[in-house]
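As structure tokens, the structure follows; a few thoughts come after it.
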Amino acid sequence: MTKIISGTDLAKKLRAEIKEEATILQQRGITPTLAVVLVGDNKASKSYVNSKHKACLENNINSVKIELDENISTASLLNEIEKLNNDDNVHGILVQLPLPKHIDAEQILNAVSPQKDVDGFHPINVGKLVIGEAKLIPCTPLGILEMIKSTGDEIDGKLALVIGRSNIVGKPISTLLLQNNATVITAHSKTKNLDSLLEQADIIVSCVGSAHFLTGEEKVKETVTIIDVGNNYKDGKLVGDVNLENFIGKVKYISPVPGGVGPLTITMLMRNTLVATYDLIK
Ligand code: GUN
């Protein structure tokens with residue numbers, strides 16, 4: 001029988017714990033605070049930022065939105081980041097991506113204080129993740145790991161196939177699975193024999209960004225766990241990388257889209273804000 005891993009239910013449980021921790025900090029006179037920087041009018045980015053802002057406020061984490069003009073220069077944006085780096089009342093900083101083309105995104109992400117980098121995108125935090133010493137780890141990979149762990153199945157010794165190698169998801173989830181003692185294969189557009197890798201995998205994480213990339217016709221293990229990180233639109237509808245319906249009855253665990261990884265990503269952002277807060281106040 002196939003079990004659906006509900007990201008919505010898992011997020012609810014984890015958010016209750018986060019809210020309790022945030023409330024305890026508030027009672028100690030510390031208000032965990034996230035600053036979200038949004039540049040320009042990108043509709044999808046605005047919607048993501050609003051969801052993050054609302055989730056924080058619902059869970060006793062203060063959220064400050066800094067909305068800046070589309071035409072801001074890299075120098076002025078760097079100045080805004082510096083102000084947030086130096087503000088003791090701000091514990092986490094997130095610069096919503098993508099940034100307008102004229103801005104040097106790499107320079108901006110490198111300017112965020114590594115201690116406040118709740119996205120885990122700063123090269124120092126990326127390096128720490130690779131050597132197993134990171135405190136701030138990218139939110140989507142953290143959410144994926146929570147989903148896999150929620151099944152109760154061991155990760156140790158399992159063959160994990162990650163399809164996709166982005167800096168935001170594919171690479172960090174591959175690293176996290178390796179640290180959890182999986183044998184990890186990171187597949188990408190140049191990978192040969194993906195079908196044979198799919199057949200052998202105990203855990204499949206698809207972060208390709210292509211609607212229904214896994215059709216359900218592929219051969220997979222009956223015991224496999226599939227996590228769908230896709231966030232694609234098909235005929236105006238949000239769909240994942242995986243055609244879930246065609247895998248029902250063929251796999252052990254599978255995550256849906258929507259209601260899968262998405263709610264966990266925002267939950268992990270709040271957890272990272274608490275992690276940054278503890279680190280800064282100690
Ligand atoms: N845009 C899409 N996903 C993300 C994310 O995880 N962090 C940031 N900062 N921007 C994004």
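Backbone N, Cα and C atoms are what each Cβ position is placed from, and that goes for glycine too.
Remember, it's a predicted structure, so these values are computed and weren't measured experimentally.
Residues or ranges marked as NADP(+) binding site in TrEMBL: G164, R165, S166. In sequence order, G170, T186, A187, H188, V205, S206, C207, V208, G209, V229 constitute the residues six or more apart from G164 (NADP(+) binding site) in its chain with CB-CB distances below 8 Å.
For the domain 'Tetrahydrofolate dehydrogenase/cyclohydrolase catalytic' (5-119), DSSP puts the residue distribution at 60 helix, 19 strand, 36 coil. Among the features that TrEMBL reports, domain 'Tetrahydrofolate dehydrogenase/cyclohydrolase catalytic' is placed at 5-119.
Along the domain 'Tetrahydrofolate dehydrogenase/cyclohydrolase NAD(P)-binding' (138-276), the predicted structure has mean pLDDT 98. The domain 'Tetrahydrofolate dehydrogenase/cyclohydrolase NAD(P)-binding' annotation in TrEMBL covers 138-276.
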| said: Within the domain 'Tetrahydrofolate dehydrogenase/cyclohydrolase NAD(P)-binding' (138-276), count helix residues (DSSP H, G, I), strand residues (E, B) and coil residues, in that order. | reply: 49 helix, 28 strand, 62 coil
| field | Remaining residues near the recorded NADP(+) site, that is with C-beta within 8 Å of the centroid of the site residues G164, R165, S166 | value | V162, I163, N167, V169, G170, K171, T186, H188, C207, V208
